[in-house]
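Each remark here refers to the structure printed beneath this line.
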């Protein structure tokens, strides 16, 4: 009784400290049921192949070492090929082995000898790491899609190395204010238009032009603020002046780059020019705190600081730990995304929302980029990623590969 009680407490109280698989493995090992983590009497003794760990040939019969889903490694068993009904896992095993051998030969694939009865330990170790990575990335992908609040799906892909999900990154959909910073400054006025495209609307009240055309493309020059309809407006969600607040409409993929830039983001569908793609969100901090963090980031050779200096330089967005897909967008000296300042419910000019729009047509499979210094893309605003003096003391080499590359990020 006490053992079962203990495991139930673990399952309910520390899901953030112990993975679901670990709890399932513990329960099955101790023959315990726990509905909260999906272990019932019906499936307590179920065996499902999670991944394949090793391979050998005994008396001309092929065997694979199987890791059973929800069971500890101590229960792994050698199973004959004829008993395995998992063609996808078998194909992944073969592909991972081939990729490892290709890497060993520096890109030149080799064919194993026919008399090779067992795998070398290094190959089996790589295959297991790759399988665990694949599972971890799938779980991360599922988590990202649970947390997002927009239409577009998020996919994750790594065919380059064994890097898994970032360990200290938390997905958010909007600004997260640091202690002592208030983002509450709701609009006191809303439009009563029946058609915001033709009538005097929120932009006109702010003294600027409506930002979008009939095709929902941005038509104002860079540096001009966007004022969208807010929660006090009588127009509905289909209003033509509610583009940014609808969120990302495109399916995007966070992928591991092959040129040493870490993670990047590519679109899986075609994006028309001057279309809204995503917001840049993160933790809102003071410029003084940004200076302190900037010195720390300098030592790591990377930063996610974005100055909110539309009219003043009091605040900065730090997307290092808290952010959305934009956290993974890389720099380019020839970018396909452009920054605009957006105001919706919060009209505090010190705290604009940062929206990224396409500068040209972006084809499916193309990486999304924007200029961390906002040069070369027609921007006349002062917005930029990390203008802090600390960053300028350390020159970071640019790896964008563009013909017009400036050589350094700063």
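Placed from the backbone N, Cα and C atoms, the Cβ positions cover glycine too.
According to TrEMBL, the feature domain 'Chromo' maps to 47-105.
What TrEMBL records for 189-247 is domain 'Pre-SET'.
The number of other Cβ atoms within 10 Å of the Cβ belonging to residue 193 (Zn(2+) 1 binding site), over all protein chains shown, comes to 18. Per TrEMBL, Zn(2+) 1 binding site is recorded for 191, 193, 196, 201.
Look at TrEMBL and you will find 191, 202, 229, 233 tagged as Zn(2+) 2 binding site.
Within the same chain, residues at least 6 positions away in sequence whose Cβ sits under 8 Å from that of residue 235 (Zn(2+) 3 binding site) are 191, 193, 196, 229, 241, 242. Residues or ranges marked as Zn(2+) 3 binding site in TrEMBL: 196, 229, 235, 239.
What TrEMBL records for 250-373 is domain 'SET'. When the domain 'SET' (250-373) is classified with DSSP, helix, strand and coil residues number 18 helix, 50 strand, 56 coil.
Residues or ranges marked as S-adenosyl-L-methionine binding site by TrEMBL: 261, 262, 263, 330, 331, 372, 399. Other Cβ atoms within 10 Å of the Cβ of residue 330 (S-adenosyl-L-methionine binding site), summed over all protein chains shown, number 20.
Per TrEMBL, domain 'Post-SET' is recorded for 394-410. Model confidence over the domain 'Post-SET' (394-410) stands at 77, taken as the mean pLDDT rounded to a whole number.
Close to the recorded S-adenosyl-L-methionine site, the chain also has 257, 264, 329, 369, 400: residues not among 261, 262, 263, 330, 331, 372, 399 whose Cβ is within 8 Å of the site's Cβ mean position.
Separation of the C-alpha atoms of residue 202 (Zn(2+) 2 binding site) and residue 261 (S-adenosyl-L-methionine binding site): 41 Å, rounded to the nearest whole number.
Note: the Zn(2+) 3 site is recorded as 196, 229, 235, 239; in the same chain, 191, 193, 201, 202, 228, 233, 236, 240, 241, 242 also have Cβ atoms within 8 Å of that site's Cβ centroid. Shown in sequence order, 190, 193, 196, 201, 228, 230, 232, 234, 235, 239, 241 are the same-chain residues outside 191, 202, 229, 233 whose Cβ sits within 8 Å of the Cβ centre of the Zn(2+) 2 site. For the domain 'Post-SET' (394-410), the DSSP-based tally of helix, strand and coil residues reads 0 helix, 2 strand, 15 coil.
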